[in-house]
Amino acid sequence: SLSVGLDLPGRFLFAILTLMTLIANLVFIEEAVYIYRKIPSSKSSIIIWINAAAPVIGTTSCIGMWIPRSTMFTEFTAAVFFAVVIHKFLLMMIKECGGQKLLLRRFENCRCKISTGPCCCCCLCLPRVRITRRTLFWLKLGTFQFAFLRPVFMFLSIVLWTNGNYTLYNLSPKGAAIWINCFVGVLTIIALWPVGIMFQQVRTLLICQKIIPKFALYQFILILNHLQAAIINILAMQRIIPCAPPLSSSARGAYMTQQLLIMEMFLITLISRVVYRRRYNDLEPPECTAEEAGDNKQTP
């Protein structure tokens, strides 16, 4: 239940935000049905996962807004789901190129640039790397480790929280939260690096597949769900966001984060419907060799 009573403007605001969450979920369900019917099964599940990121984050924020004591669980749930989405986005770019085999054929004579963000955007001296099966394996592993380890740290945090050793807003060196958050931050940066490398390599090839607006939406969700929330939490802990009894500074910061995310994820859900709602035609296969061309001419 709500920890504080709501006046009439507060109830109106909560009702509007709840309605926006409901509309976002209905839009996603309609879009998921369209993708399931119109797109090959090899791509549809991945695209549905990626489209679900904004509605899921909006829904968890709405639950946290109505039930303040569930904030830690809703934030962890949204973070774990988006960790899987990061891995799925990398797989989607590979699928859009025709799969791993065709991607290797297209870029067999190319070298990919690894001096990209967020890890090595300033390391321009790094050599370019050939795109091989081993390269793709390491790129996939970079995102998969986050999708696997983020739920593990979520479970560890909940266990410590039940024992009184973990407090979400306690970032003192003696607390467990600061160390878990720092380690998760490092894993996040490592996971984002392969996505940036792959995007730089395929963005020209997949421009007809609207990969640039898709990547922009993915980046917006990442920034709003992680960076925006972290900034507001820091401002609340430093008492820059003042308390308003009976709400403490941390509680007001959590409310601000949840309400902003509901509105932002609502808009991103509507934009995603426009970007992803199209026919997913496969790309033209890589150019055949001279011998294959000669064989085709001799075929009646």
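Any Cβ shown, glycine's included, is placed from N, Cα and C.
As annotated by TrEMBL, transmembrane segment applies to 12-34, 46-67, 73-94, 137-161, 176-195, 215-236, 256-276.
Looking at which of 46-67, 73-94, 137-161, 176-195, 215-236 has the most CB pairs under 8 Å to the transmembrane segment (256-276), the answer is the stretch 46-67. Comparing 12-34, 46-67, 73-94, 215-236 for CB pairs under 8 angstroms to the transmembrane segment (137-161), the maximum falls on 73-94. When the stretches 46-67, 73-94, 176-195 are ranked by Cβ pairs under 8 Å to the transmembrane segment (215-236), first place goes to 73-94.
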